[in-house]
Amino acid sequence: MPHQQMLILFGLLPVATNISTWWNFGSMLLACSSMQVLTGFFLAVHYTANINLAFSSIVHITRDVPYGWMMQNLHAIGASMFFICIYIHIARGLYYGSYLNKKTWLSGTTLLIMLMATAFFGYVLPWGQMSFWAATVITNLLTAIPYLGTTMTTWLWGGFAINDPTLTRFFALHFILPFGIISLSSLHIMLLHEDGSSNPLGTNSDIDKIPFHPYHTYKDLLMLSLMVLMLLMTVSFLPDIFNDPENFSKANPLVTPQHIKPEWYFLFAYGILRSIPNKLWGALALAMSITILLTVPFTHTSTIRSMMFRPIMQLMFWTLVATFMVITWAATKPVEPPFTMISQIASTIYFLFLIMNPIAGWIENNILKYN
């Protein structure tokens, strides 16, 4: 292990020659993480975690602080970029069988949960109308837990309703969690280099490797440059593209928005939650929509690692991608027909993919055996 760390240090780590552009998203996530920590620090310097001043402090940052508008937009749009990269990173892991590197996959799924928690806490901080009501709805799900739910919710809120103590602790959590993410990311990378990364063919690449630098460094830099270009263009020309109009109004506990929805990157999980009429089962489905990824390495039954040579699984994978998008779209709509039915069907298909994974593997194994 120390020998491998030395190789990483000097950019001489042997890497498979045939890894494609889909393997670049790990380094892009590292860049996103660094940018979020830096911009977040400069925003925290000017932010005030008080329900009467939080909204005004965001206005102050965007209007009065030199380049504050840029910091705020880079941080907000950077979070969206972070999630785009992480969803592609996970999709690549599913498609090419990277999840068979179990320790790396499990640490990565834990990272995703931490990242989603951090983003949720951050969304509450501007104390806009949608921030407040999204926080109320999501944290209120804890009350669905039998016996302990109400106590846990009161403990999280710091009172009997979302108020000043809630905002203070959410700011503290939003500040501290990224350091946990950085630590776990380091562990994730160390675990990856213990076995080495996979490749599109899903074969052992020990016989065909090249140094990471300069070959893959330049390949990574190209995608990184494109990401930075997209980020800066969005910040400059469409800074409010991901914002909810409701969030430009200060939080008002007496006025409920017509339609409560979190940021776009949570909509698939929120759509699954909304599609189930029961509160407890809805909360469980919400948790399962993420944690079910932990089961994938243990339900792989195929003799072939990559989906590149598995047509049945390819069909299922692209159905999953389409389902993810449909749930995200349906979650932006009001809770009424036909959107409730669409969400329920899409949610069922979403979970079916992960249940059908071992069955598809057995079918493919039998087809290969008899040919």
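Using the three backbone atoms N, Cα and C, a Cβ is placed for every residue, glycine included.
What Swiss-Prot says about this one:
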- 25-45: transmembrane segment (TRANSMEM)
- 69-90: transmembrane segment (TRANSMEM)
- His75, His174: heme b b562 binding site (BINDING)
- His89, His188: heme b b566 binding site (BINDING)
- 105-125: transmembrane segment (TRANSMEM)
- 170-190: transmembrane segment (TRANSMEM)
- His193: ubiquinone binding site (BINDING)
- 218-238: transmembrane segment (TRANSMEM)
- 280-300: transmembrane segment (TRANSMEM)
- 312-332: transmembrane segment (TRANSMEM)
- 339-358: transmembrane segment (TRANSMEM)
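Feature map: Swiss-Prot annotations on the structure.
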{"residue": "His75", "record": "heme b b562 binding site", "Cβ contacts under 8 Å, 6 or more apart": "Gln36, Thr39, Gly40, Leu43"}
{"residue": "His89", "record": "heme b b566 binding site", "Cβ contacts under 8 Å, 6 or more apart": "Phe25, Gly26, Leu29, Gly108"}
{"residue": "His174", "record": "heme b b562 binding site", "Cβ contacts under 8 Å, 6 or more apart": "Thr118, Phe121, Gly122, Leu125"}
{"residue": "His188", "record": "heme b b566 binding site", "Cβ contacts under 8 Å, 6 or more apart": "Thr104, Ser107, Gly108, Leu111"}
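Here the transmembrane segment (280-300) does not touch the transmembrane segment (25-45). Their Cβ atoms form fewer than 3 pairs under 8 Å, with each pair 6 or more residues apart.
At the 8 Å Cβ cutoff, the transmembrane segment (170-190) and the transmembrane segment (218-238) share fewer than 3 close pairs (sequence separation 6 or more) and do not count as touching.
When other Cβ atoms within 10 Å of the Cβ of His193 (ubiquinone binding site) are tallied across all protein chains shown, the result is 16.
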